[in-house]
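Chemist: I'd like to ask you about the structure that follows.
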Amino acid sequence: WIMGHMVNAIGQIDEFVNLGANSIETDVSFDSNANPEYTYHGIPCDCGRNCKKWENFNDFLKGLRSATTPGDSKYKEKLVLVVFDLKTGSLYDNQANDAGKKLAKNLLQHYWNNGNNGGRAYIVLSIPDLNHYPLIKGFTDTLKQEGHPELLDKLGYDFSGNDAIGDVANAYKKAGVSGHVWQSDGITNCLLRGLTRVREAVANRDSGKGYINKVYYWTVDKRASTRDALDAGVDGIMTNYPDVITDVLNEAAYKSKFRVATYDDNPWETFKK
């Protein structure tokens, strides 16, 4: 999965997919009542990027729905996975469940079109704080209460705080989650980060008894770091330059081992070599 980083304006969806992304990451900010408000990152952000592009959250969802609904004039067949980077740092811990409920209602209405031929992409809820695990239950309970438990098949999870793998496993236990888990690891492109924890996550994924199904590394903009991440066995790479990742995947060393995921590849299934 080539994951376009910080795609917060509707126009950027096309831009990143055209460069080779089959997945995008979008920032979601919340107001003081735990309502998802904007797709917005703000300053500071990755080096070499405009941090200030934004949409109202529901407008972005509608644009995303167009891009992922077969038959729509804006449809992009390649775009199969969306990571919502939930900026819950502005919320109190006791608002996490509420944030999940409100997020689910917004997605149900504006992205999934109340279950009536909505967008088809798989969705990952990426949460920065382990204490905010109740967001997951708020979200999943709401889908069930609204009569759309089938949409849970399209839903995955990530804790993005680079916490110890054991602590993340614990948070999922508390949240009642088993399966559909992506584990992120990374840092802004302005800084360097080794692959120690990525290798630990990959080992958990491949052990057959860990909690992780997929591992992604962020934010990778250079060919050398792309090769290192692929050598470590990641499933996804988040990048500001999808064309760089595409180029490396076409190199002889990687062409036979990796391919770009399509809609038929289940993002919740651990790949068996």
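Any Cβ shown, glycine's included, is placed from N, Cα and C.
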Chemist: Which one, Asp59, Asp72, Asp85, Asp93, is listed by Swiss-Prot in the same Mg(2+) site as Glu25, Asp27?
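Modeler: It is Asp85, as the record lists it for that site.
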Chemist: Of the listed cysteines Cys45, Cys47, which one does Swiss-Prot record as disulfide-linked to Cys51?
Modeler: Cys45
Chemist: Rounded to the nearest Å, what's the C-alpha distance separating His41 (active site, nucleophile) and Asp27 (Mg(2+) binding site)? Just drop the number here, would you?
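Modeler: About 6 Å separate the Cα atoms of these two residues.
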Chemist: Cα-Cα separation of Cys190 (disulfide bond) and His5 (active site), in Å?
Modeler: 14
Chemist: Neighbourhood of the Mg(2+) site (Glu25, Asp27, Asp85): other residues with Cβ within 8 Å of the Cβ centroid, in order?
Modeler: His5, Met6, Val7, Asn8, Thr26, Val28, His41, Val83, Phe84, Leu86, Lys87, Ser126
